[in-house]
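Written out below as structure tokens is the structure these notes cover.
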Amino acid sequence: MPTISEDLIRRRAEHNNCEIFSLEEISLHQQDLERIEHIDKWCRELKILYLQNNLIGKIENVSKLKKLEYLNLALNNIEKIENLEGCESLQKLDLTVNFVGELSSINSLQENLHLRELYLVGNPCAEYEGYRQYVVATLPQLKWLDGKEIERSERIQALQDYPQVQGRMKEQQEAYLRKRAAEREEARSKLQGKQKESRKTQEKKPGFDRRWYTDINNTIPDPVEKPDPTEQNGDETALRKAEEEEEKEFWSQPSQYTPESRLETHRYLEEKRKSKESSSEGELKKKPPRTLITAEGRVLNVNESKLDFSLVDDEENNQFVLDLAIYRHLDTSLVDVDVQPSYIKVLVKEKPFQLVLPAEVKPDSSSAKRSQTTGHLVVTMPKAIGVIQTKRAKSPVVEEQTRKNPPKCSKTFEKLEVDPKACSVPDFANIVQEKKTQAQGPLQFHKNKVKDTEDSEDFIDNTDVPPLM
């Protein structure tokens, strides 16, 4: 039976950093809870509490929640409203689809002065004649009942008709309580009958007859007979058919909607779930182990993980090199390597990889390395029987390279002794040459060079005359 534990509350308090002492809202719906416990001690600051769709049969252990404003107990097995007097700040109470038949128990809510909303839809008491008038007259602080606002005229009318409504309500309540007592007795007798049937079925099983047989003289144990696989398969099919018939009978059997029937259905489903889990675990356990070596001693090649691999025969170094493509992000602690003289076995997450080697190797001289970039496992295994081989003469690669790529000569200038007279000195005056003007355009105009004219013999330079610009 699931219970309210500290671990459950902390998991449901992720929005509050998993702190439960300062928790103001928590949802514990659909947890198959049958009791309310520990919440009033661990979560004193609670304001909103969701407990809908469980198997709670009694309101308890909430009286210390002084700040609780909203309590949702819909879809449970509650039959009586009680133990809510200590919830001083309670404003909304939801008891939709429960088994509240004792309507007089709402008198305990008169002390909850801040109660404004109450939901009793889907309860047996909601079918009583005069149910709404009785609740409105009994709880004057209510503003909403079953999602409908209580008007002032409705309250006045309910207070006027309260004596007659109270009498009719008591009669209907007593009739319902007698009916509930009969249902409880019927459920109890039904449960006892099922227990007796289960005991009988256990006693009918082979190997048990309530007696013990001892023979002092007979000390030789009986030989163990191996079960016949055909008989075993037949027993399994018969057992499955019996379970299917039992399940069909359970769901086809008519039953009343009572707290006991809800509990019975829940426990039946829980047993079925546990049996399926146990059967699945049994099937997993029954899985035969992988055969790596036959009874004759022959080693098999196995690659259960379906990993890519390559085995290279390095003749120059006289060794085998195995490259196994292990997953890159797999932790090395999950890899186990075992090198034997004739084969190698690698366990990757408990899944074997086994490979038979072409020749014997030295296990003590072998080494295993793993790449940090690709994650591949490289196992180097020297051969046990060494073969003396002459090393191949290295081809003159250097000479060919020198022929193809001759060495570059150094960039040093060699100077010769030359007669200085034979050396022509450059004319520094003619370094910049005048650009010749070329014809431009279709008319080919030419710019004539201006030549300096010589002065005539009778030219007199008069200083008073300004120069021509």
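Each residue, glycine too, has its Cβ placed from N, Cα and C.
The model shown is predicted, which means the values in this text are computed figures rather than measured ones.
Feature list (source: Swiss-Prot):
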- 20-43: repeat 'LRR 1' (REPEAT)
- 44-65: repeat 'LRR 2' (REPEAT)
- 66-89: repeat 'LRR 3' (REPEAT)
- 90-110: repeat 'LRR 4' (REPEAT)
- 114-135: domain 'LRRCT' (DOMAIN)
- 179-290: region 'Disordered' (REGION)
- 179-213: compositional bias 'Basic and acidic residues' (COMPBIAS)
- 261-286: compositional bias 'Basic and acidic residues' (COMPBIAS)
- 436-469: region 'Disordered' (REGION)
Confidence summary for the repeat 'LRR 2' (44-65), mean pLDDT rounded: 94
Within the repeat 'LRR 3' (66-89), residues counted as helix, strand or coil by DSSP: 0 helix, 3 strand, 21 coil
Residue counts (helix, strand, coil, in that order) that DSSP gives for the repeat 'LRR 4' (90-110): 8 helix, 3 strand, 10 coil
Secondary structure tally of the repeat 'LRR 2' (44-65) (DSSP, helix then strand then coil): 0 helix, 3 strand, 19 coil
Number of helical, extended and coil residues in the repeat 'LRR 1' (20-43), per DSSP: 4 helix, 3 strand, 17 coil
Structural state census, the domain 'LRRCT' (114-135) (DSSP three-state): 9 helix, 3 strand, 10 coil
